[in-house]
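Engineer: Sending over a structure as structure tokens; questions will come in a sec.
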Amino acid sequence: MDVFSDPTNFETYKVGFLWILKLTAAGTVGSVVLGVVLAAMRVSPIPVLRGFGTGWVNLFRNTPLTLIVFFCYFGLYSALGLELSDDIDRNNYWLGVVGLSVYTAAFVCEAIRSGINTVPAGQAEAARAIGMSFLQTLTVVILPQAARAVVAPLGSIFIALAKNSTIVGTIGLMESSSAMKELINANGDAVVPIFLVFAGTFALVLIPTGYLFGWLANRLAVKR
Amino acid sequence: MTTSEPLIVLEHVNKHFGPLHVLQDVSLTVSRGEVVVVIGPSGSGKSTLCRAINRLEPIDGGTITFDGRPLPAEGKALARLRSEVGMVFQSFNLFAHKTILQNVMLGPVKVRKEKPDSVRERAMSLLDRVGIASQADKYPAQLSGGQQQRVAIARALAMQPKALLFDEPTSALDPEMVGEVLDVMTSLAKDGMTMVVVTHEMGFARHAADRVVFMADGQLVEESTPVDFFENPKSERARDFLSKILTH
């Protein structure tokens, strides 16, 4: 544990996990917003939108995240010149958020869509019968019930997102897995303790997160 | 209370479900203030007929006009029409994630963009009318079937509809809860609400209907006053049906 009593090393550890937290937070927001829109597209009566949603899910769910994050860096940034910040770290961070969001959105979309299937058809009929539009029916009646049905699987997706955030290290962001690699390179005699501290930190945060989502799922469940 | 002014007019309506011809050349006129009860054996097309009137089931042929205008095919115009035609379902279909009061207020607030404060007052008086005011803050799953169905009626009434459609409103209820729902429907009928009621409740058909329509195999077989229909059915099919249900 001597490794972490060195202030520089501790800073590396701390900054690494702060990046993971930020990536996870921004990725959650981005993937939920995108995922809900995609799910709405997939159940919409308009064939073009349905096709777009299906295409998105098939493309991003079946492409390795590493490839997507690489593409965000080498494709969007290097080749196409998309610069999201002047600061190089911030730029890599935002490129990572884009990659994580478009990828995770595919999973969020499918979770929400399976939630929509748990809402009885009569709910939508009743909404239409009082004169609600398709969008109102979806946003006021269907999605709130669908979301409550998929809190637990969404929790799993967000936990996976937190761990997947380490992939942004591959495009140069000093997040926790890169930080761990750096500490191990410099302290070859303490590989196991370093690994345990990094892995333990993830577990310490994510295990309660899993229980929190389980508890929320019970609390928010719609009684029928 | 019935006027001769037609509100709902179906002309030569046809509807198929795949190879099944569920509505065969059905023509029916419902006047303003009239209570029409549709009865007939299962699978005769009664529910489809009822659902066609607010286009929850689109039809393949013929025309349906409501209040002088043909039913819009889709979009805003269709939504507006539906807001003027209340519907009560067999399975209640109350919004499960909303309280009783929210269920009743949702239509006026979201669809009509009325102010929540004035809607709340109207919703509470409607809940009072159907005898559920004390349960306003509960969720649908906490209520009995009969109570849920009365809330569903209040929800339909909150839109101040020109007509109400009932699709077997008591078929999913325990026997002891049928009466409380029929009481509410009877009082609506007395107040002059235009109603199309698909039901197996022959007692309600007898005492609350202005006219009874008998359907079988997708066809409108017979229509007459309740007294005529129950005392003196003209068609063989209706006699057969009545003999099966009235002898027990």
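Including glycine, each Cβ sits where the backbone N, Cα and C put it.
TrEMBL labels come from automatic prediction, so no person has curated them.
Feature annotation from TrEMBL assigns domain 'ABC transmembrane type-1' to A:17-208. The feature transmembrane segment is assigned by TrEMBL to A:20-43, A:63-82, A:94-114, A:126-143, A:194-217.
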Engineer: If I count Cβ-Cβ pairs under 8 A between the transmembrane segment (A:94-114) and each of A:20-43, A:126-143, A:194-217, which range comes out on top?
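Structural biologist: Comparing A:20-43, A:126-143, A:194-217 against the transmembrane segment (A:94-114), the winner is A:20-43.
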Engineer: Are there residues at least 6 beyond the ends of the transmembrane segment (A:194-217) whose Cβ is under 8 Å from a Cβ of it, and what are they?
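Structural biologist: Result: 1, 3-4, 13, 17, 151-152, 154-156, 158-159, 162-163, 176-177, 179-180, 183-184, 187.
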Engineer: Take the transmembrane segment (A:126-143) and find every residue of the same chain, 6 or more past its ends, with a Cβ under 8 Å from one of its Cβ atoms.
Structural biologist: 36, 39-40, 43-45, 112, 116, 119
